[in-house]
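Trainee: According to Swiss-Prot:
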| type | residues | note |
| --- | --- | --- |
| DISULFID | Cys29-Cys77 | disulfide bond |
| DISULFID | Cys43-Cys92 | disulfide bond |
| DISULFID | Cys46-Cys130 | disulfide bond |
| DISULFID | Cys54-Cys108 | disulfide bond |
| DISULFID | Cys58-Cys110 | disulfide bond |
| DISULFID | Cys113-Cys120 | disulfide bond |
| CARBOHYD | Asn33 | N-linked glycosylation site |
| SIGNAL | 1-20 | signal peptide |
Amino acid sequence: MEMLQGLLLWLLLSVGGVWASRGPLRPLCRPINATLAAENEACPVCITFTTSICAGYCPSMVRVLPAALPPAPQPVCTYHELRFASIRLPGCPPGVDPMVSFPVALSCRCGPCRLSSSDCGGPRAQPLACDRPPLPGLLFL
């Protein structure tokens with residue numbers, strides 16, 4: 001009976017290992033399509049548009065035992081290569097720049113967060129929203 005239990009345990013662990021090695025349970029860092037919002041205080045509408053952003057899982061390590069060392073920096077999914085695109089906000093009064101520029105992810109990588117080009121916060125309870133009335137249905141990549 002003990003040998004049967006050992007064999008069953010070995011079988012379960014080996015099958016579980018094969019299943020787990022097929023790939024990560026979380027999607028890795030990569031470009032994905034996302035809908036964002038653009039507005040200007042001087043313009044009457046908000047535009048939602050679709051672009052490519054970096055999102056996904058980056059492997060990280062956390063110390064299990066307390067140490068006198070500072071915490072290890074945690075990598076984030078951030079831009080590797082990008083280009084900038086622009087959209088024009090309709091209905092802006094004369095003298096107000098109606099153009100809004102935004103990054104388009106071409107490729108992504110796991111690395112330190114650069115506040116100059118990335119939002120390093122965690123997931124949001126609500127997606128980015130507009131204060132002005134929306135003008136939906138535009139698609140830009």
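Placement of Cβ uses the backbone N, Cα and C atoms for every residue, glycine included.
Just so it is clear, the model here is predicted, and its values are computed rather than measured.
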Trainee: Given the disulfide-bonded residues Cys43, Cys46, Cys92, Cys113, Cys130, which lie close to Cys29 (disulfide bond), meaning Cα to Cα within 10 A?
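Mentor: Taking Cys43, Cys46, Cys92, Cys113, Cys130 one by one, none has a Cα falling within 10 Å of Cys29 (disulfide bond).
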Trainee: Is any of the recorded positions Asn33, Cys92, Cys108, Cys110, Cys113 within 10 Å of Cys77 (disulfide bond) (Cα-Cα), and if so, which, in sequence order?
Mentor: Cys108, Cys110, Cys113
Trainee: Where Cys130 (disulfide bond) and Cys92 (disulfide bond) are concerned, what is their Cα separation in Å, rounded?
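Mentor: Cα-Cα distance, Cys130 (disulfide bond) to Cys92 (disulfide bond): 16 Å.
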Trainee: I'd like to confirm something. Which of the disulfide-bonded residues, Cys43, Cys92, Cys110, has a Cα closest to the Cα of Cys54 (disulfide bond)?
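Mentor: For Cys54 (disulfide bond), the spatially nearest of the disulfide-bonded residues is Cys110.
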Trainee: Within its own chain, what residues at least 6 apart in sequence put their Cβ under 8 Å from the Cβ of Cys92 (disulfide bond), listed in sequence order?
Mentor: Asn40, Ala42, Cys43, Pro44, Pro98
Trainee: For the C-alpha pair, I'd like the distance in angstrom between Cys58 (disulfide bond) and Cys113 (disulfide bond), rounded off.
Mentor: 12
Trainee: Let me make sure I understand the structure: which of the disulfide-bonded residues listed (Cys108, Cys110) has the fewest other Cβ atoms within 10 A of its Cβ?
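Mentor: Checked Cys108, Cys110; of these disulfide-bonded residues, fewest Cβ neighbours within 10 Å: Cys110.
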Trainee: Pop the Cα-Cα gap between Asn33 (N-linked glycosylation site) and Cys46 (disulfide bond) into the table, whole Å please.
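Mentor: With distance taken Cα to Cα, Asn33 (N-linked glycosylation site) is 19 Å from Cys46 (disulfide bond).
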